[in-house]
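Annotated features, as they stand in Swiss-Prot:
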BINDING   M49, G200  substrate binding site
BINDING   R125, T173  ATP binding site
Amino acid sequence: MNEHEFAQKTIAIRRKVREQRPLVHHITNFVVMNITANVTLAVGASPVMAHAHEEVKEMAAFAGALNLNIGTLTPYWIDAMVMAGKVAEQRGIPIVLDPVGSGATPLRTGAAKKILAEVGVNVIRGNASEVMSLFADKETVNIRGVDSLETVDAVRHEAGLLAGELEKVVAVTGPVDIVTDGTRTLEVHNGTPMFGRVTGTGCSATTVISCFCAVEPDLLVASAAALGYYGLAGEEAARISNGPGSFQAALLDTLYNLPEKIIQEKLRIREVLP
């Protein structure tokens, strides 16, 4: 697909989300529960935040997508993610993993790898260091070093290797977002530095991916379209805001109101040929 076709596909997916209003089951962290629930609503889906062992299986069973986020971990929550994930996998419900901080501590890295080993995760969304930690033998990596040294070409190469090895869609977010399944690779050139000034913007990107995956069977395209849509909303929000506080509010408004004309004109998704 060319950029125009990706824009049309993104518009079609957003329309479908708003028509179907899929339930997106989040087992996520305390820091971002409120903002990611609101992002889900702004995109057009329905959020539920449920992590109690007594209900996660039931909730996952009738969700349109399952969003697993390891930002504030306990062993109890890890078990809840595995329980919900197994039900979602059995029912063919897309599972999106955000390995927040993987590589920073053995707990986080171990939790991410445990979920990947025991649950049929479909999409992984993280920054370069988080994604590399899933590929490395070590339990910790130099997060600052990885983020500063990686080039777009290197990230694209390593993400492709990981996606091919795990047979999953891998989305690495950064100045240029890379989305790959090991065979096809897409680049997303939308976004804003303001994402780095407000907490939860990465987790919110994963939420939009989950919403789009709930209605679009091609999870590679759904993930790239979600990141393009989210990045473009961020660009427009940054343009009309005056700082982090107004940006956060403007981002919700823009996710809700982003005109299709702007998507057609400004979405920047392209396929990278091997």
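All residue numbers here begin at 1 and follow the chain in the order shown.
A Cβ is built for glycine as well, from the same backbone N, Cα and C atoms used for every other residue.
Note that the coordinates shown come from a computational prediction; the quantities given were computed from them, not determined experimentally.
Counting Cβ atoms from all protein chains shown, T173 (ATP binding site) has 26 others lying within 10 Å of its own Cβ. Close to M49 (substrate binding site) in the fold, though at least 6 residues off in sequence, lie H26, I27, T28, M33, A37, each with a CB less than 8 Å from its CB.
Sequence-distant neighbours of R125 (ATP binding site): residues of the same chain at least 6 apart with a C-beta under 8 Å from its C-beta are V96, L97, D98, A171, T173, G202, A205, T206, I209, S223. In sequence order, V31, V32, I35, T36 constitute the residues six or more apart from G200 (substrate binding site) in its chain with CB-CB distances below 8 Å.
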